[in-house]
Amino acid sequence: MTNALEIEGLTKIYGDGFEALKGIDLHVAEGDFFALLGPNGAGKSTTLGIVCSLVNKTAGKVRVFGSDIDTHLSDAKLNLGVVPQEFNFNQFEKVFDIVTTQAGYYGIPLKQASVSAEKYLKKLGLWDKRNTPARMLSGGMKRRLMIARALVHEPKLLILDEPTAGVDIELRRSMWIFLEEMNRQGTTIILTTHYLEEAEALCRNIAIIDHGKILKHTSKKALLQQLSLETFVLDTEVPLDAAPELGDFHTRLDGEGALEVEVQKGQGLNQVFVQLDQLGIKVISMRTKANRLEELFIRMVEENAVDSSKSVEGAA
Amino acid sequence: MTPHAMFTAFSTIVIREVRRFTRIWPQTLLPPAVTMTLYFIIFGNLIGSRIGQMGGFDYMSFIVPGLIMMAVITSSYANVVSSFFSMKFQRSIEELLVSPVPNWVILTGYVVGGMARGLGIGLIVTLVSLAFTQLSIHNLPMMILTVFLTSALFALGGFINAMLATKFDDISIVPTFILTPLTYLGGVFYSIDLLPGFWQGVSMINPILYMVNGFRYGILGVSDVNPFISLGMILFFITVLAVIALKMLERGKGIRH
């Protein structure tokens, strides 16, 4: 199967000497729903910016559906749709004009562009706002406008940089459904997000990037299998004064008096309840402290931070 | 991109530019008409009647070509510099950068958009001037060629200014401190024959002098310089600025990190 995106040895050093990308390799298969995760400043937006021609690379190769951006940039761009993190449309233009103008940049005549714009504006619930200047839209509508604009030329690869940042839960869920539908219809999707539950819910493959290096590049399933520890938060009927001893399970009280229990891979959760029952502690509700991917992500990034500081000390 | 797709992209840019300056017509189309009317009344009618003849024509007829050219130069420049910088500022330039439009099509689209405003203003000012004097055209091809090329040249200048600008102040510095003095000293209001020899020589290094006189030759048939040298100068500057603008686009100067 063709790769939608291939990145080899991608390096970016900004004018001030900051090395944002340190020779990363990445590939995304056609039809994939792929998440690029990392803390702020990790290099996610720089990577996507280079793929979309918004950032000049220092070294390395980028191919979009086999088209090298150094030699076949136009072909690569024709296959790409981009939804950036920040609003980047003319706030004074009308919604319909923004979408059809973008289609025009891809060489699509107005008549054909109007049909495509209508299709996506309707799908994204913006058709009633087509004659409204963009500045009059709510934040959620502006995000949806950027998605409609990115899709108007029917790209094979859709790149979304934090598409649901600042969007309420209801709208976020409806955007997930829309993106899943696009992916089912064959569009390869790459997204960056801070909401790790979003990546866990939507994506099949994941790369974690930090300090300009890829820490992990694997399937979500394989990644989650590495999760050896999960923390559960138990709300008890009677508030506890101290964390009870539960054998092999590590326990502590959180700031609000709820009991946190760490469960290792292979340990049965029912053992926790048996022991709590023996101690006469009644549990009224339970939740995971963070979603599974978040636990892994935090651990990897923390470990990388420790490794980085060690190497700095070593160099000093 | 196929040639047809490139033409669609080009016309999209031009249409968007025309839509922009017509949408804000009280800021773009009206002010030059008002300003030039005042020039015609004050310099042409009131003061001009005391000056007498200049270059063999009454003063009003003499300054009309220069004033039309002044409006064309200012408007062509202002349209591109403000539109392109505003796209940079709002980051909507990214819409173009992610698309497959070649750099030369982007540049041509903006230049033609700037020319549309410059030439539109030129037409408005010409119509206003007809209320004050009669215009007889001496050499129509020369007149049209000069005004079109001058408009293109200053649209290119505006584009480069917008590429280099990092804040709004930067887009007013060149028009205020370079363009306006050069225009006023470019023979709009006087013939350089009136100047002492040294200052005539200095005037000859002002590119706007060639444009004003080339256009004046097209309308009145008189010029301080050879009109064909004027055309040659304009074409030379267009080539130089177009190469600079394309190089800047290629490197992403001010628009790509």
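Cβ coordinates come from backbone N, Cα and C, glycine included.
According to TrEMBL, the protein carries these features:
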- B:23-252: domain 'ABC transmembrane type-2' (DOMAIN)
- B:29-47: transmembrane segment (TRANSMEM)
- B:59-85: transmembrane segment (TRANSMEM)
- B:105-132: transmembrane segment (TRANSMEM)
- B:144-165: transmembrane segment (TRANSMEM)
- B:171-192: transmembrane segment (TRANSMEM)
- B:228-249: transmembrane segment (TRANSMEM)
Considering only Cβ pairs within less than 8 angstroms, which of the stretches B:29-47, B:105-132, B:171-192, B:228-249 has the most against the transmembrane segment (B:59-85)? B:105-132
Report the listed stretch (B:105-132, B:171-192, B:228-249) having the maximum count of Cβ pairs within less than 8 Å of the transmembrane segment (B:29-47). B:105-132
Could you pull out which residues elsewhere in the chain have a CB under 8 Å from any CB of the transmembrane segment (B:228-249), counting only those six or more residues past its ends? 103-104, 106-107, 142, 145-146, 149-150, 152-153, 156-157, 159-160, 163-164, 207, 210-211, 213-214, 217, 255
Tertiary contacts of the transmembrane segment (B:105-132) (same chain, 6+ residues out, Cβ under 8 Å): 6, 9-10, 12-14, 16-18, 20-21, 28-29, 32-33, 36-37, 40-41, 44-45, 60, 64, 67-69, 71-73, 75-80, 83-84, 96, 147-148, 151-152, 154-156, 158-159, 242, 245-246, 249
